[in-house]
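Trainee: My questions will all concern the structure given below.
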Amino acid sequence: MAPAPMPSALAFELIAKCSVTKARAATLLLPHGPVPLPIFMPVATQASLKGLTPEQLEETGCRLCLNNTYHLGLKPGQATLDAIGGAHKFQSWPHNILTDSADADVSFQMVSLLNLAKVTEEGVRFLSPHDGTPMLLTPEHSISLQNSIGSDIIMQLDDVIATTSPDLARMTEAMERSIRWLDRCIGAHKYPERQNLFCIIQGGLDLDLRRQCTKEMVARDTPGIAIGGLSGGEAKNEYCKVVDTCTGLLPEKKPRYVMGVGYPEDLVVSVALGADMFDCVWPTRTARFGNAVTSTGTLNLRHASFSQDFSPVEEGCGCVCCRPKEEGGLGITRAYIYHVAAKETAGAHLLTMHNVHYLLNLMKRARTAIVEDRYPMFLKEFFRKLYGDKKDLPEWAVTALRGVGVDLLAD
């Protein structure tokens, strides 16, 4: 039997709905301030977004970022977090934090290193990546760590396996175990009045399993709902089917979080399919390789062709990196990034600011388009700029958007 509904430390205000697609604009009211939806959430794994200070992250407009429970549990450790009063104080971040269940990191290690981890009903047994020490992660311990972190949104411990796995029996077991583990997480949660526990829908690419899991998770009435286990190498058309199926079964007045998604085209399509929240390490990780995310595609600014390109990373971008000095920015050029990207940390630092700003602003523009009920046109303009000729449009995006009333190939 499912536990009784828990208190909620959030409010979800639905602002507008697209008249064609399933896109929504909303405001998520959390303990550390309002968050506009749809939103991309940067990943500050160890209480730090690599390359940015808290003030610089704040300047990008970010009001909700991620911390990694697993890493914070190892270092600085639960005792230190309890002593200082949680991650907000520890990292000097006045805005909202979402923590994964700690299983996200462990699980994707499990997918590639199954010999190092074992999942039982008790929890996940694995070897510490630091010193090889045997460790056990249970639903109760995951929630205890997140209670100590003090994040505004916490995630249940779930059983995750690769979506590409052909083992339907194991996929079913993982889905059913995730439901049971949610019940244990709810029972272990000490601060539901100030921290919001989200459930995670599992089931791989099997739509019947996803439907079954969604029904059970919705019955638990958690403050928000995540769609997990994706971004693991599955075909994009299969990904879209899962997101579309799940959002179609979810309550209208609760936030919907698709975990691990960060490519621009994935974001705008997923919004059209009814999702609200996303996260990914990609924009920060790709910055460390000299890559800039722009409206016309990803540019590798380490390429010699940019050595004498004195234009901003992206013309018209409002990030501090691209803005001219007379407008309060740094006025950084592509040529400068080329010069420092391969040998100085400054290049990664500047591109991180740009990339995070780009994705946050992309979601801000999407929200505006939804409010003004022109999201289908926004989608067409986005894909036209990114891909140019219609013949180059990705088939998965064309198919997924056609399913919600938008034909990218039409004039």
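From the backbone N, Cα and C atoms, a Cβ is placed for every residue, glycine too.
The annotation domain 'tRNA-guanine(15) transglycosylase-like' is assigned in TrEMBL to 21-386. The annotation active site, proton acceptor is assigned in TrEMBL to Asp100. Under the heading substrate binding site, TrEMBL lists Asp158, Gln202, Gly229. The annotation region 'RNA binding' is assigned in TrEMBL to 260-266, 284-288. The active site, nucleophile feature in TrEMBL is assigned to Asp279. Taken from TrEMBL, the feature Zn(2+) binding site applies to Cys317, Cys319, Cys322, His354.
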Trainee: Among the binding-site residues listed here, Cys317, Cys319, Cys322, which has the most company in the form of other Cβ atoms within 10 Å of its Cβ?
Mentor: Cys322
Trainee: Please list, for the region 'RNA binding' (284-288), how many residues fall into helix, strand and coil according to DSSP.
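Mentor: Helix/strand/coil tally for the region 'RNA binding' (284-288): 4 helix, 0 strand, 1 coil.
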Trainee: Please work out the mean pLDDT for the residues of the domain 'tRNA-guanine(15) transglycosylase-like' (21-386).
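Mentor: That region's mean pLDDT is 92.
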Trainee: Just give me the nearest neighbour of Asp279 (active site, nucleophile) among the recorded positions Asp100, Asp158, Gly229, Cys319, His354, Cα to Cα.
Mentor: Asp100
Trainee: With the Zn(2+) site defined by Cys317, Cys319, Cys322, His354, which remaining residues of that chain have Cβ atoms positioned within 8 Å of the Cβ centroid?
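Mentor: Here the non-site neighbours turn out to be Pro312, Val313, Glu314, Gly318, Val320, Cys321, Arg323, Gly329, Met353, His357, Tyr358.
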Trainee: Return the residues near His354 (Zn(2+) binding site), defined as same-chain residues 6+ apart in sequence whose C-beta is under 8 angstroms from its C-beta, sorted by sequence, else 'none'.
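Mentor: His354 (Zn(2+) binding site) has long-range Cβ partners Ala287, Ala292, Val293, Val313, Glu314, Cys317, Cys319, Cys321, Cys322.
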Trainee: Tell me the Cβ contacts of Gly229 (substrate binding site) under 8 Å, same chain only and six or more apart in sequence, or just say none.
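Mentor: Those within reach of Gly229 (substrate binding site), by Cβ under 8 Å and sequence separation of 6 or more, are Asp158, Val160, Ile161, Thr163, Ile200, Gln202, Gly203, Gly204, Met259.
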